[in-house]
There are 2 protein chains.
Amino acid sequence: MFTGLSAFPHSPLRDDVVDESAYGVLIERLVAAGVDSITALGSTGAYMYLDRAERRRVATAAVRHAGSIPVMVGIGALRTSQVLRLADDAQEAGASAVLLAPVTYQALGDDEVFGLFEDVTAGLSVPLVVYDNPGTTHVTFSDELYARIAALPNVASIKIPGVPVDPAEAAARVRAIRDRIPTSVGVGVSGDSAAATGLNAGCDVWYSVIGGTLPETALRISRAALSGDHALATAESERLEPLWAVFRAYGSYRVTAAIGEILGLVAPDSLPRPVHGLTREARTLVARLVDDLDLRA
Amino acid sequence: MFTGLSAFPHSPLRDDVVDESAYGVLIERLVAAGVDSITALGSTGAYMYLDRAERRRVATAAVRHAGSIPVMVGIGALRTSQVLRLADDAQEAGASAVLLAPVTYQALGDDEVFGLFEDVTAGLSVPLVVYDNPGTTHVTFSDELYARIAALPNVASIKIPGVPVDPAEAAARVRAIRDRIPTSVGVGVSGDSAAATGLNAGCDVWYSVIGGTLPETALRISRAALSGDHALATAESERLEPLWAVFRAYGSYRVTAAIGEILGLVAPDSLPRPVHGLTREARTLVARLVDDLDLRA
């Protein structure tokens, strides 16, 4: 489950209510493409904006539509007791694994982050993915903290926030992490523009934003890299550079929602306010990229 | 209401449940000291860690125990629709004003922050305090953004995150903000170590962490500054420098909770996990400060 392409679908809203019908279509699109796993309620899945009942409904819908494809469910929240309840809900919904980022309001020290993972992993019946997402959590993981957390029970994989651009440096970075963690714990790359480099450098899995909306596009990269055709993975990622550029300019979250809207998969205004969708100008640019880069799958 | 000392009490937990009995004692201590207002559910009041029902109970308890002292209630949340519901709850609980910080998970641009305040202020029946707290929200307000938001209906005060240490620079900073906002909108200082300088520099109010637990200590500073005895306010703040030093080292949130515990006002382990209280070593240091600085009121 912690190899290949893990696709992170958007949780679209319609008039501030989760659009379960559109969500089902998104999930079935991932199933049809043959992604290796689906991660519901990641950052792209707006987990931090949804309340407990909404998150339970999204997790349940993901599992129902995913068929035999394993579903991981994001359980991050600010308070440990809330995370524990969300972990219970995710497992009851049929999640095959859970994903946990140490989200913060008050800044957390390493012992506090470790304590969160210790408290949560202790009671799990499914594996856990450690979600290192400094851009949204404002937590910086040291390799020492990776090592402490990876030694906890039920930890299966670490979602790292990227790798160096240089292939040799990227490989050294992945090796350095692996040297600190048990061999049973995998390493997955996120930051879509770094995915080909990360997989070529030895990551097991790509935790992919774009994979949730454009699964075939993402699978071309993950399958090439993991079958050893590093050059093809790199070439395909380089072909998508204009997409990575708009990710950098507007944020992958807003751009991916816009692509879903442009493809008619989700209704307009699908993001949780106060987050705005792209401006008309940016949306026009993204719509042109969808055509120019042949991003309809 | 937006002048003098606004005291921000801690919302203590006991076995992960809000300790309403201890909370009532904290509020009555503020009433007895004669603070000018009470802000329930600020950062010190753990608002982001509490769910809607908990926040309703805390707001109701604050108003009940505060008697004739006006109570402001923090309504920040990640999603606009959640903020709107919390605003309704706060007003139903009897809040005299609400306090709103633009908390983030996905980073927000200026138009998104403005849109949040526009949506929330439109429906309010009470005044709103703009809560600029970059350390927890990761939003940086420009003076231009202050100006846009201050022009919205129902905006009464801006809680700024501090002022320059130099008195002349502090006065220039407060004047620069006032030049951009309507005269009907006040400016309040936060960051307790900056309070004397901020009030001396022309701020109307001190939004005070320590005022929620040590109201008489805080009132000595605010009353001196606002009665024109700037030297006394400065001297009292300088006397407390060892306290500001532990705030810088461990965070005002953790230190204030520890002081409440040391004074016997709240039970041990009153913070929401994963946030930890102070280490034994730091707590010993704070306990010594409580005695050395005569911080029992």
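Using the three backbone atoms N, Cα and C, a Cβ is placed for every residue, glycine included.
These come from TrEMBL:
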- A:Tyr131: active site, proton donor/acceptor (ACT_SITE)
- A:Lys159: active site, schiff-base intermediate with substrate (ACT_SITE)
- A:Thr44: pyruvate binding site (BINDING)
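Features recorded in TrEMBL, as mapped to the structure shown.
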residue	record	CB count, 10 Å
A:Thr44	pyruvate binding site	25
A:Tyr131	active site, proton donor/acceptor	29
A:Lys159	active site, schiff-base intermediate with substrate	27
Near chain B at Cβ under 8 Å, of the listed recorded positions A:Thr44, A:Tyr131, A:Lys159, we get none
Could you tell me the C-alpha distance between the residue listed as 'active site, proton donor/acceptor' and the residue listed as 'pyruvate binding site' in angstrom, no decimals? 13
For the residue listed as 'pyruvate binding site' and A:Lys159 (active site, schiff-base intermediate with substrate), determine the Cα separation and express it in whole Å. 14
